[in-house]
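*Asks:* A single structure is presented below for examination.
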Amino acid sequence: MASGASRYRLSCSLPGHELDVRGLVCCLYPPGAFVSVSRDRTTRLWAPDSPNRGFTEMHCMSGHSNFVSCVCIIPSSDIYPHGLIATGGNDHNICIFSLDSPMPLYILKGHKDTVCSLSSGKFGTLLSGSWDTTAKVWLNDKCMMTLQGHTAAVWAVKILPEQGLMLTGSADKTIKLWKAGRCERTFLGHEDCVRGLAILSETEFLSCANDASIRRWQITGECLEVYFGHTNYIYSISVFPNSKDFVTTAEDRSLRIWKHGECAQTIRLPAQSIWCCCVLENGDIVVGASDGIIRVFTESEERTASAEEIKAFERELSQATIDSKTGDLGDINAEQLPGREHLSEPGTREGQTRLIRDGERVEAYQWSVSDGRWIKIGDVVGSSGANQQTSGKVLYEGKEFDYVFSIDVNEGGPSYKLPYNVSDDPWLVAYNFLQKNDLNPMFLDQVAKFIIDNTKGQTLGLGNTSFSDPFTGGGRYVPGTSGPSNTVQTADPFTGAGRYMPGSAGMDTTMTGVDPFTGNSAYRSAASKTVNIYFPKKEALTFDQANPTQILGKLKELNGTAPEEKKLTEDDLVLLEKILSLICNNSSEKPTAQQLQILWKAINWPEDIVFPALDILRLSIKHPNVNENFCNEKGDQFSSHLINLLNPKGKPANQLLALRTFCNCFVSQAGQKLMMSQRESLMSHAIELKSGSNKNIHIALATLTLNYSVCFHKDHNIEGKAQCLSVISTILEVVQDLEATFRLLVALGTLISDDSNAIQLAKSLGVDSQIKKYVSVSEPAKVSECCRLVLHLL
């Protein structure tokens, strides 16, 4: 730190907490305020007294039954324009406060050990880390997903809301990057527990650890820099408003201020553990320590404490004791230390430490460049950076690529770089290029074709395609044998020779066919215009196909093996045959109460023989009278019985038919009402079936989610949409069947149509990155077409 440069000095000290201050965060309101949490079980809101002098405790909030370890601010909403305060504690709970509430508005329960880190995102999303080795994602008062993968406490968490990314740092020495509930990347480098994370930009972040180092990372995985300066555990890290410089606090009794990648100033404090820090909008630094005192440091002369207050602080510092085992003092041989005369020699750098012997005592001093003197920091009792560079054939943004093309979108305008490796999917690269540079997604095929042609990849022909019902596959898509020429030979796809020209007749790709949902009306799609025939879906999708003869034959066969008290009589079987006949033949006749009673008896058979009865139920539940009887009159009893059949250890046939029955319930008002009331329980049980390999179950799961999406498109319930989006994201991780994938895409499109909040929530879950791979699916064409339409909304 050069002489004359601005220097942080004490602004004020804020007593109030009775024990260690463990967490600090800047507040949205009032301006310039901050919140602190402590081992004394309280949360306190501090507001500035005036533009230049001190803070006053405005509110003291209680709610935890043990010490409070972390805090964050949830952004403002229509209901809470000043935002909310979230605190995590040793009682395993997260308390949510409004700014004027002494007690929690609500408490989030789910962690099994201390909640030690919190970070907020958009629309009420909250990420928590715990000693139980997990992180949890919350929306309002609901846990949406649990992130599992660390093998020790999750000490630090951060959300990057714009990219839908989440970061977790752990005592297992690793940092993990999560997207839509899955671990995308693990960052290795720290040699001890990771204690803190801070976001620099959309592509970079900082971490600090018990190994006394700070690391700067790219989200792609590269460690760009390692900073050394602290000599003990680093507990917290906070970034300045310029998003470049930062501050850290540690077990070495110091606050360190880092500018331009170097430690510009070291401030010692009269406490052993400097637990936490935050940087206010005006650049002032707030620090919490093990002595229960909050201290504010400033560069501003106007906000600097009085000379008397600074002298009192230095006196307190000089009276502190330093453990030689935890300080940065090295091996000490008191007999070889110089005397006080050594203090007449100036230091060589800001924060330099010097030990002198004064009789039997060993005193520690720190050099202040701006003051030009040695300041005593206590009585003793008891780093260089590293750059990582890569080299290769073509280097772009720190990574090696086989090709880096320059793309001119507008003649005479700026060019864009398009990096590509031969092992990459050209459609994914093209999609990422268009998204990154905010270019029209309708150019996807042209950019992908450009990549293929210029890297000697295989040319994929496009031709006339006829569309079909995307759910049944009737009249399925068959690639055309001829079509318009889309040849682009070694040319920039936007402005190069032989380039694609939007609206050019020679480049149009014509597609004709029927509406894939209704079978009516042909449509025409060109590169400049895409007709969305897929979503939002307005009506529930049902499972209708059946072979009544086979169903009844199996029912009669298994009836012989049923327990005596469960067996059906010949008359009972006749009644079931009649109800099945009138359902399958669309008869206007209504099922009788006796028929419904026998059907209820049959679906309560033992699990190993019940499936043909469930198949009759699946078909019958679409009838208004059956739907009313089972979904309204029997209601909870009916849904509980079917939910029990979804047990992952149960029989796949029962699981499948129960799911299909739930899907068919949506056709009537009574069924919709029951499905909405049972949504949380049903979806949480249904999602447990995702990990199996049965494609029919995956299709049924996707259809159930789609039918819920139809309901939520009419009723904008953000919590319900959030659960559906989470389920979609979870199933997408394991699904292989393209029909199930297509239905999930339609569900996703239905959920986010005309709803900016749902779009942002989907982005925060990283769903857009999950579905990108489907833009290159050639058959069935409905998958890639629907995917592109969804991505256009995202």
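Backbone N, Cα and C define each Cβ position, glycine as well.
Quick paste from Swiss-Prot:
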MOD_RES   Ser50  phosphoserine
MOD_RES   Lys529  N6-acetyllysine
REPEAT    17-56  repeat 'WD 1'
REPEAT    63-107  repeat 'WD 2'
REPEAT    546-588  repeat 'ARM 1'
*Asks:* When the pLDDT values for the repeat 'WD 2' (63-107) are averaged, what is the result?
*Replies:* 94
*Asks:* Test of understanding: give the count of other CB atoms lying within 10 angstroms of the CB of Ser50 (phosphoserine).
*Replies:* 8
*Asks:* Taking residues 6+ outside the repeat 'WD 2' (63-107), which of them lie with a CB under 8 Å of any CB in it?
*Replies:* 19-20, 22-29, 35-43, 45, 113-120, 122-124, 126, 128, 130, 132, 138, 141
*Asks:* Where DSSP helix means H, G or I and strand means E or B, what are the helix, strand and coil counts for the repeat 'WD 1' (17-56)?
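*Replies:* Across the repeat 'WD 1' (17-56), the residues distribute as 0 helix, 20 strand, 20 coil.
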*Asks:* Please count the residues of the repeat 'WD 2' (63-107) that DSSP assigns to helix (H, G, I), strand (E, B) and coil.
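*Replies:* The breakdown for the repeat 'WD 2' (63-107) reads 0 helix, 19 strand, 26 coil.
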*Asks:* Would you list the DSSP helix, strand and coil counts for the residues of the repeat 'ARM 1' (546-588)?
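*Replies:* Once the DSSP states are binned, the repeat 'ARM 1' (546-588) shows 30 helix, 0 strand, 13 coil.
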